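As recorded in Swiss-Prot:
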BINDING   67, 100, 163  Zn(2+) 1 binding site
ACT_SITE  69  active site
BINDING   100, 135, 349  Zn(2+) 2 binding site
ACT_SITE  134  active site, proton acceptor
């Protein structure tokens, strides 16, 4: 097995790029891509480093998308090896970001190098959209780069996001869509008072409980063949002063929807407001739109991905829309077809994150075959 993808993955992991830091990861990638004829454009927005690299001027435009930032390491004492000192143990590469997603970044670069060497006059264009703000607040990362590209009418045809999509073996699952995400921050207003004199107070917890129960039990939709039913989850709830003899003056509730294409954010918001109003609550509420649902159906990108995985691994893949959000939510609204394909996700965001070394080579081969099927 070639060592080039492993070596690059180790070089990337050794840089402690805890979000929103990049720590030179994009420079390392840019140097490799520039040698293949890519034009490199650094886009820095506040604390976030982004890279747009493109080879070719014509369409169609295939774009690898990913992030160089990683989540914090957590308790260092629980790591078997230093998280930013990547080592191979029993066939697995250990280190923060090994699976999410520096292994994918290395595979993208090496696959592109191999493809360009074999097909220097390929059709269309290849691009890389890389950010250091995917694990953080996602304000100055991919969304800002997309805004820049849209402003100059630079359109992505197909995008492959290197998020760790696989579950048990490489390529068993690809993400061909994601649910939308909507967060609500709700404050139920009451009147603070002494618990011995409830008639002089107004307990917001008691008032809110029936409404929250109705929201939790509500069936928002039935989903469809591509998406599970919309889910509502209360993520945080806080009320009271910490004293046992004080009725609180307010109750704060944070909740989140992961919603299908059967509803819109506007529909969900109105249904929530109707329930709160029906219970006669005095409340304040604000909303955070985290991303719209998207779906990539049958077509060149999904077909190429299926065929590549079958050719490289010998197994069929299962396109799904489950799981959390990714930066694909910012790319899809431009009209691009978006697929996520990456390593097994069993250890992502955990201590002792790792990826199977042989999977890095298989992933590289998958990426290269996808390029060949789309641009040759």
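Quick reminder: no glycine exception, Cβ is built from N, Cα and C everywhere.
Positions of Swiss-Prot features highlighted on the structure.
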residue: 67; record: Zn(2+) 1 binding site; DSSP (3 states): strand
residue: 100; record: Zn(2+) 1 binding site; DSSP (3 states): helix
residue: 134; record: active site, proton acceptor; DSSP (3 states): coil
residue: 163; record: Zn(2+) 1 binding site; DSSP (3 states): coil
residue: 349; record: Zn(2+) 2 binding site; DSSP (3 states): coil
State which of the following binding-site residues has the fewest other Cβ atoms within 10 Å around its Cβ: 67, 349.
-> 349
To test your reading of the Zn(2+) 2 site: which residues beyond 100, 135, 349, same chain only, put their Cβ within 8 Å of the Cβ centroid of those residues?
-> 70, 71, 97, 101, 348
Taking the centroid of the Cβ atoms of 67, 100, 163 (Zn(2+) 1 site), which other same-chain residues have Cβ within 8 Å of it?
-> 66, 101, 104, 134, 135, 161, 162, 164, 326, 342, 348
Alpha-carbon distance [residue 163 (Zn(2+) 1 binding site); residue 134 (active site, proton acceptor)] in Å | 11
Round to a whole number and give the Cα-to-Cα distance in Å for the pair residue 135 (Zn(2+) 2 binding site) and residue 100 (Zn(2+) 1 binding site).
-> 10
Using a 10 Å radius on the Cβ of residue 134 (active site, proton acceptor), the other Cβ atoms enclosed count 27
Alpha-carbon distance [residue 349 (Zn(2+) 2 binding site); residue 163 (Zn(2+) 1 binding site)] in Å | 12
Check the recorded positions 69, 135, 163 for other C-beta atoms within 10 angstroms of each C-beta and report the one with the most.
-> 163
What is the separation, in Å, between the Cα atoms of residue 349 (Zn(2+) 2 binding site) and the residue listed as 'active site'?
-> 12
